[in-house]
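Novice: Shown below is the structure under consideration.
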Amino acid sequence: MENLVLTLISLLAIGWTLVHAGEPSPLQDFCVADFDSPVSVNGHACLDPKKVTADHFFFEGLHRPGNTSNPLGSFVNRPTVDEIPGLNTLGISTVRVDYAPRGVVPPHRHPRASEILIVLEGEVLVGFVTSDPENKLFSKVVKKGDVFVFPFGLIHFQQNVGHGNAVTIAFLSSQNPGVIPIANTIFGSNPSINDDLLAKAFRVDKSIIRNLKSPY
């Protein structure tokens, strides 16, 4: 019985460690990012607390509509730790997206975060695809007041499918979630990925790969 209890305690301890491995718990009230520090860490070093002000925890302008006059028909306002230094070590950030009719946030992934999205205005088609080999699509049209979750690291997308403009706001589980747009990454890398490799990967002629690369 004693061995069983010890085993269960050990398993719980391991589980707790794994759950909290992504974003360690803070060891102080806050750690405002010190962008001028020469210290290189996973994140940012802490600014001297005596130099911290309320403005380090503040961001202005998330209520303002973004300019959607671009090929994607969307505008992403993404304040991370670089815009809000007080987010450092807190493991959270936010993003507002404005969509023109038929505007899109193209397929992308966040290498360091999961995401929960809330529709403020309009109707938005959202979806994500599971990892290989299933590659299963989960997709749904969400409306004002609806919520949808994108699991950690999976490729996902959004498109305004309503008759007017749309607005969403989302919260991500990292102060610096990162974003990897799939098309930009594959066809716009620097230096460029070999055309022959991409043609074989996508099972198309190399001329199509060159055309896909041309906008980037």
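The backbone N, Cα and C atoms fix where each Cβ goes, glycine too.
Grabbed the feature section from TrEMBL, which reads as follows:
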- H108, H110, E115, H156: Mn(2+) binding site (BINDING)
- H110, E115: oxalate binding site (BINDING)
- C31-C46: disulfide bond (DISULFID)
- 60-210: domain 'Cupin type-1' (DOMAIN)
- 1-21: signal peptide (SIGNAL)
Novice: Identify all same-chain residues not among H108, H110, E115, H156 whose C-beta atom falls within 8 angstroms of the centroid of the Mn(2+) site's C-beta atoms; report them in sequence order.
Specialist: R109, A113, F128, F150, L154, I155, L172, P177, V179
Novice: Just to be sure I understand the packing, how many Cβ atoms besides its own are within 10 Å of the Cβ of C46 (disulfide bond)?
Specialist: 19
Novice: Give me the CA-CA distance between C31 (disulfide bond) and H110 (Mn(2+) binding site), in Å, as a whole number.
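Specialist: With the alpha carbons as reference points, the distance is 23 Å.
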Novice: Where the distance is taken from Cα to Cα, which of the binding-site residues H108, H110, H156 turns out closest to C46 (disulfide bond)?
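Specialist: Answer for the nearest of the binding-site residues: H110.
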Novice: Which has the fewest other CB atoms in a 10 Å radius around its CB: H108, H110, H156, the listed binding-site residues?
Specialist: H108
Novice: Give me the count of other Cβ atoms within 10 A of the Cβ belonging to E115 (Mn(2+) binding site).
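Specialist: Taking all protein chains shown, E115 (Mn(2+) binding site) has 22 Cβ neighbours within 10 Å.
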Novice: Take every residue in the domain 'Cupin type-1' (60-210), average their pLDDT values, and give the whole-number result.
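Specialist: Averaging the confidence scores along the domain 'Cupin type-1' (60-210) gives 96.
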